[in-house]
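> The annotation active site, nucleophile is assigned in TrEMBL to A:172. Positions annotated as substrate binding site by TrEMBL: A:200, A:201, A:202, A:203, A:223, A:224, A:225, A:226.
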């Protein structure tokens with residue numbers, strides 16, 4: 001029996017100061033919630049889903065409520081959930097009018113023969129399984145409107161979103177869990193990037209890019225510049241290094257360095273190993289994270305910041 | 001300077017005898033066409049695209065014309081193209097009414113900041129870039145209608161498609177290329193699986209699952225049971241083994257064995273290394289393949305079959 005861990009992140013990017021408090025409070029709440037579910041006898045997948053639902057419901061993050069807007073001023077969300085036993089996965093891409101995309105991802109994993117459903121098909125599946133549609137306006141925050149307005153006003157090419165100095169709105173959320181028996185799960189959810197083209201699928205719903213969970217190794221959730229993460233299969237890359245015997249911390253750091261050297265991309269990740277190690281790391285200015293292990297709550301957001309609290 | 005190679009496949013599955021001739025002729029034509037493009041001074045990406053266009057246009061394969069039907073009786077196609085220099089990629093998922101999805105994938109790679117566009121968004125992008133829509137009926141063959149009819153008549157659950165004995169319609173197509181300078185490209189295109197749910201995204205348009213190309217290592221295109229391929233990141237897995245120094249042949253074989261042992265999935269792949277090695281291998285009953293190297297055309301379809309012809 002090992003100490004179970006529930007670890008979450010709120011996205012790797014240059015978070016402005018006005019979001020610092022809400023971001024930290026959000027990840028702390030989500031980690032506590034996930035751990036509570038595990039403590040109450042829930043599965044690692046239950047815990048990962050519950051933690052991500054908290055983050056999707058928090059408007060400070062670009063996922064669920066608080067998602068950024070596409071160029072056509074709509075919310076289109078991506079999410080994934082993965083169970084490390086059997087490498088099972090479910091995911092949605094460019095889904096609309098749903099409060100908690102991670103719940104639909106889980107339904108796909110458990111109630112369909114497929115892994116990824118996109119666009120209208122994802123919405124049809126959700127409807128067929130009793131998931132309530134919400135008014136799209138309930139997902140949109142004034143900040144998301146302002147952000148898109150700013151991009152349109154300055155008539156910036158979407159390309160300009162992607163250099164480090166101007167990286168915005170990559171506050172994807174995610175969770176990794178390892179239970180006392182070594183079972184693992186991972187989940188990631190996002191609204192994507194401001195002014196993205198309609199139908200754009202980022203890294204988050206891609207197995208091996210936005211998340212990976214394998215009970216033989218560990219679980220990972222990533223965040224950052226989606227197209228870069230896709231190109232290097234970041235989540236699978238991190239898991240491969242854990243598989244080789246590296247610590248989760250070194251595995252994330254080496255993989256982020258690999259991504260930077262190969263495609264000049266920045267991001268962050270959280271990881272747990274099947275033996276109960278946990279790590280968070282990022283190459284962006286900030287990434288809010290929190291985890292619970294041995295009834296201690298750990299959290300931080302700035303590089304090298306590590307705070308602890310009794311649960 | 002090394003001998004350039006253009007290698008194609010026409011899908012790993014239990015191909016019925018009535019399709020044998022067309023399948024072999026199709027892959028031979030596509031390999032010749034891709035090699036011709038390279039010979040005429042085209043890039044590795046030009047060659048991969050041209051070869052896949054031949055396969056998409058051939059009704060014997062489940063890609064472009066000849067695509068299978070969704071449960072809602074529509075054609076929804078996935079495709080990807082990847083340039084090994086810079087790990088650049090473009091892909092479409094669940095795109096409709098397009099004769100050559102691989103061409104749209106290339107436009108996304110070259111004319112957008114994104115990698116993957118799905119559904120309506122992919123169609124909108126295609127339209128904005130002057131790609132003509134086609135009447136969906138021109139993509140549908142009598143065989144595709146019959147296949148769906150059969151599934152509906154027997155009221156089979158979609159689940160039943162996925163065991164080896166009953167695996168149908170996974171005749172995805174693909175191409176890998178290595179040029180004389182060691183530049184690589186990969187492309188994959190598919191109509192997916194019969195009776196799939198609308199919006200289902202398979203492995204083909206996923207970087208690291210359906211294809212991968214890295215000039216530091218080599219290029220891979222995969223085919224088979226999409227959800228299994230996604231779970232093990234099959235294309236990236238094969239490239240990782242080539243990176244470790246294994247031959248492309250051993251890398252494909254070991255990766256297919258890994259997929260079978262981890263998730264009971266079957267499939268096939270083609271690969272080239274940056275030093276000009278080429279390999280094809282499959283764990284299904286058949287996979288039509290062909291390649292041109294040193295002005296010799298090599299081809300086969302059954303296990304251990306290997307024929308050669310002067311170009």
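The count begins at 1 with the first shown residue.
Cβ coordinates are placed from backbone N, Cα and C, and glycine is handled just like the others.
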> Can you tell me how far the Cα of residue A:224 (substrate binding site) sits from the Cα of the residue listed as 'active site, nucleophile', in Å?
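With distance taken Cα to Cα, the residue listed as 'active site, nucleophile' is 8 Å from residue A:224 (substrate binding site).
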> What subset of the binding-site residues A:200, A:201, A:223, A:225 has a Cβ positioned less than 8 Å from a Cβ of chain B?
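Of A:200, A:201, A:223, A:225, the entries that lie near chain B are A:200, A:201.
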> Return only the integer: C-alpha distance in Å from residue A:226 (substrate binding site) to residue A:172 (active site, nucleophile).
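If we compare the Cα positions of residue A:226 (substrate binding site) and residue A:172 (active site, nucleophile), the gap is 10 Å.
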> Under a three-state reading of DSSP, tell me whether residue A:200 (substrate binding site) is helix, strand or coil.
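Where residue A:200 (substrate binding site) sits, the three-state DSSP reduction gives strand.
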> How long is the line from the C-alpha of residue A:223 (substrate binding site) to the C-alpha of residue A:172 (active site, nucleophile), rounded to the nearest angstrom?
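Each residue's Cα considered, residue A:223 (substrate binding site) and residue A:172 (active site, nucleophile) end up 6 Å apart.
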> Taking the Cα atoms as reference points, how far is residue A:201 (substrate binding site) from residue A:172 (active site, nucleophile) in Å?
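If we compare the Cα positions of residue A:201 (substrate binding site) and residue A:172 (active site, nucleophile), the gap is 13 Å.
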> So what sits near residue A:172 (active site, nucleophile) in its own chain, CB-to-CB under 8 Å and at least six residues off in sequence?
A:9, A:11, A:12, A:61, A:62, A:63, A:188, A:189, A:190, A:204, A:210, A:223, A:224
> Mind giving me a neighbour count for residue A:225 (substrate binding site)? Other Cβ atoms within 10 Å of its Cβ, every protein chain shown.
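Within a 10 Å radius of the Cβ of residue A:225 (substrate binding site) lie 26 other Cβ atoms.
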> Could you tell me the maximum Cα-Cα distance in Å between the residues recorded as binding substrate, namely A:200, A:201, A:202, A:203, A:223, A:224, A:225, A:226, rounded to a whole number?
16
